[in-house]
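Below: one structure, written as structure tokens.
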Amino acid sequence: MEDDAPKHIIQMTGFKVEEKEALGKLLLKLDCTFIKSEKYKNCTHLIAERLCKSEKFLAACAAGKWVLTKDYIIHSAQSGRWLDETTYEWGYKIEKDSHYSPQMQSAPKRWREELKRTGAPGAFHKWKVVLLVRADKRSDSLVRVLEAGKANVILPKNSPTGITHVIASNARIKAEQEKDDFKAPFYPIQYLEDFLLEKEIHNDEDSQTNSTWKNHSSQEKSNDFRENMGFLEMKGTLKETMCRTQKEMKNHDEDVTISSILTEHQSKERFRDSRKNLKFVKMRNALGRHTYRNQEMKKKDEDIQSIYTLRKKRKKEKERDSRKDIEHDRSTLRKHIYRDQKERKNSVFAGHAKESKTKDIRTNVDIVDLKNALRKHIYRAQAVRYRGIRIDKQPAYNVEVKNAEFPRGILNLIESLIEGQFFKEAIEELSSLQAHYIPPVYLLHALLENILQDNIDTFSGRYFHILSALLHLHPPWKSPAMSTYYLELFQCPTCMKGTWSLIEVLIRSCLFNESFCHQISENIIGSKVLHLTLLKFFFNLIESEVRHLSQKLYDWSDSQSLKITGKAVLLEIFWSGNETSGLLTKPVNMLLEWTIYSHKEKCKSNDVFRHELAYLLTGILGAAIDYWIVLGLNMGRNVMRHMSDDVGSYVSLSCDDFSSQDLEIFISSFSSSWLQMFVAEAVFKKLCLQNSISISSEPLSLQKMVYSYLPALGKTGVRGTRKMQKPKKIGLRPCFESQRALIMLNGAKQKQGEGLPEIPELNLAKCSSSLKRLKKKSEGELSCSKENCPSLVTKINFHKTNLKGETALHRACINNQVDRLILLLSMPGIDINVKDNAGWTPLHEACNYGNTVCVQEILQRCPEVDLLTQVDGVTPLHDALSNGHVEIGKLLLQHGGPVLLQQRNSKGELPLDYVVSSQIKEELFAITKIEDTVENFHAQAEKHFYHQQLEFGSFLLSRMLLNFCSIFGLSSESLAFKGLTHLSELLIACQNYKETTSVHTDWLLDLYARNIMTLQKLPNALKELPENVKVCPGVHTEALLVTLEVMCRSVTEIS
């Protein structure tokens, strides 16, 4: 939110007391005024538990105020500031399967936007209303709703002329109408609710009634008549009923209220008649089947009777024959009886097999429907995040778009205008013809080349307007030809080395101040702004592709499989057009490193350019990840395992030098819910590893979060879980486990056995800080030797660096070259806080090697030096005291104060933990001039540390939980209309039949089955929640508890 935005005035409606108190605690962390009243008090934001018809809900709609979900408070509290309201507004998402009508779902958003568009003060601003209602609490509530919508409420005794509405109870309407005192139409009280929640603002009442009937009939048909034999007869009856009702409504001239009542009564009568017709049809079919069975039985009886008569006749004839013939006949009869019994038995088994097969098919169909519905929800959630959801299904673009040639004369004109440097006129000509023709690539390249040379400074914005209009009118997914068009367009007009080459040059130019791929304008600032604008266009391009893919898969998710035709720009750039490619290709690796580095740079300053660049890179990365995931879901790929093993581990290891606060900001900045979820999990695993807590390697699931991560969260906030070891700084071998991880992260195709000895894996949590330093520097050398993963830190400034990323400052401090250090510090633009590839600063190196004079010169000459800079929590003071350099420690404490003593490394060690002598500890502690003992100071620091650990873990788990429930449809709203019990039965059937059919061997269904079962057991599981989690006062922990409580309550209500 902007700093000058008005202060939030919050009210709530629809919440239970416990939940309202929990949300109220979160509001204490934010800048707002919370009004705890049952009456509407002219708030700015109303937080509603559900869609309802309460006084506050109706009044907020009438006044055009923000009506938001509770997630707005939870997420804002987690972020520490008020977030943008748009995505949290009731009406932002329309649930097709909800029992609320689309009009009611969108009412708050529609009225707010309508009042903002028209400038009207309220929904009733032209009303003069007389209320004929008994004076009580309800009448006062109606007055507040009307006044919120700026209606003029007039007493009945003082009724002037010009009354527009008379609102009365049903009992008084007829009597008051007969008096005709007000000369105005009468409306029932219900009319206010219908006007606000059901009325289409731009449509008349007939169309609204028509849409209501359509919704009603479709719901009834889906619920009652799907499997009935008389479905077609019922459908016809409903259509006739609806047509007759609409016709009568159009010709109705009576009062609005009486008309609506009669129409509703007639429609109900006709609906009952139609149900009777259906019952008659069912009865007729049942009678027909019964008659048919009787006829069959009668025919069988006649056959049996004739056979019996024939046999009796034959028996009399055979009595005259010899006993031998009789015995022969008896044996023959026995054979016939045995054969008949055998055939009858076989027919019974055949019928049973047929019935069993039908049951299997029916179960298979249910499971396939469930799988399609689950995928459809994931696609829909993805489309909503990219603002791509549509109510109507759009036709697929399957027609080739031909690059209609410009008329030769116009082409010659534009070419001559560009050659004559009449760029304004050339751009205007292109703009005027853009709706009818697709501009040739070479013309757009000619203009871009001049823009890069700073020849079109004034009109460069008009050029990007052409590109935006081109993307809107002719998107890349329109045809394979348009996809190729954009791939040709988005490359350097001079070098023509491809799309990825241009993207790389643009990012390096903005991030590292590198030169362009060819000679361009010397206006550095203007060039960087231009390069950033080109990156914005690229971001819009790929974001539109993700939006289209999500929408397309959502629209066609009912089909068994949808083949994605054509080549997408995103797929071509990052995965060379290969749909089955692994996630971490060279472009994706480089984009990940750039995104992480841009976040580090953003945190160093408030520069707008750096912040915008970080936002763009995060958005591009999120769009690429989301595209790969959605495409993988359509192909049946297990994206959960791939994402957890690849991207999550990559980012976690690359952010070793991030503090917990930096990681919170970094994870929250991801636009991709998938990326947030998996990076949060990887960081949480690392946190558990540092606390010696074992975690299983299975993919992320709700079961794992509840039964594994929640208990682990309690252990992170318990003292004594860490193993204290005094590290040795010099001479240890690198940690080979990280080298193995590095090979995986860099996407190198070599075998792990090459260059790596067969040794047992080491635990990173047991590696000392110095060992990690040597390890990270060796990684720097290794990564620089790889062509597909060039070192990025070497490009920070104009100073030369070695393969480890060490600058001249680093080397001077390592080698104790004081004179050279003083010379370097006197140079303009020198950065004393520059880091090498492993994250160490020159001050770290001086403290590590015990070069006291170098430390003294840095502290005296560089007041901007960062004494809290850390790698895995290792600060310069840690470095000095862990190597026994007490004098350096005293210098640092004199300049940094007591805050330096409170810093812990990744293993929880304080700087004074490295000091064995109690006397030296007291001397160092005395420098800070704290009026306390060392023991009390350490106890308070330890308590604060474990509180931070618990808060950070709660943040990570909250991110996992919220994003997981959002992606897989485990929110209470989604489960309510699906039916939790029905889902459980289907998924249990899925597991029971898993071994007998291939339909059920689907990882997504297996995951969802475990999630549903965990949801049902969640209330019992939370009874064993760790005590320290329950009592922690931190905002993230409280938000986590509120989320879990809401999930438990919703599951209990649904079940």
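Glycine too: its Cβ is placed from the backbone N, Cα and C atoms.
Copied over from Swiss-Prot:
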- 318-332: compositional bias 'Basic and acidic residues' (COMPBIAS)
- LYS929: SUMO2 cross-link (CROSSLNK)
- 2-80: domain 'BRCT 1' (DOMAIN)
- 121-199: domain 'BRCT 2' (DOMAIN)
- 312-332: region 'Disordered' (REGION)
- 407-1055: region 'NSE5-like domain' (REGION)
- 804-834: repeat 'ANK 1' (REPEAT)
- 838-867: repeat 'ANK 2' (REPEAT)
- 872-901: repeat 'ANK 3' (REPEAT)
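For the repeat 'ANK 2' (838-867), the residues of the chain that approach it from at least six positions outside its boundaries are 656-657, 729, 770, 772-773, 776-777, 779-780, 804-805, 807, 809-810, 812-814, 816, 818, 821-822, 825, 832, 874-877, 879-880, 883-885, 887-888, 891-892, 895-896, 900, judged by C-beta separation under 8 angstroms. Residue counts for the repeat 'ANK 1' (804-834) by DSSP state, with H, G and I taken as helix and E and B as strand, are 15 helix, 0 strand, 16 coil. In the predicted model, the repeat 'ANK 3' (872-901) shows an average pLDDT of 90. Helix, strand and coil counts under DSSP for the repeat 'ANK 2' (838-867) come to 18 helix, 0 strand, 12 coil. Counting every protein chain shown, the Cβ of LYS929 (SUMO2 cross-link) has 9 other Cβ atoms within 10 Å.
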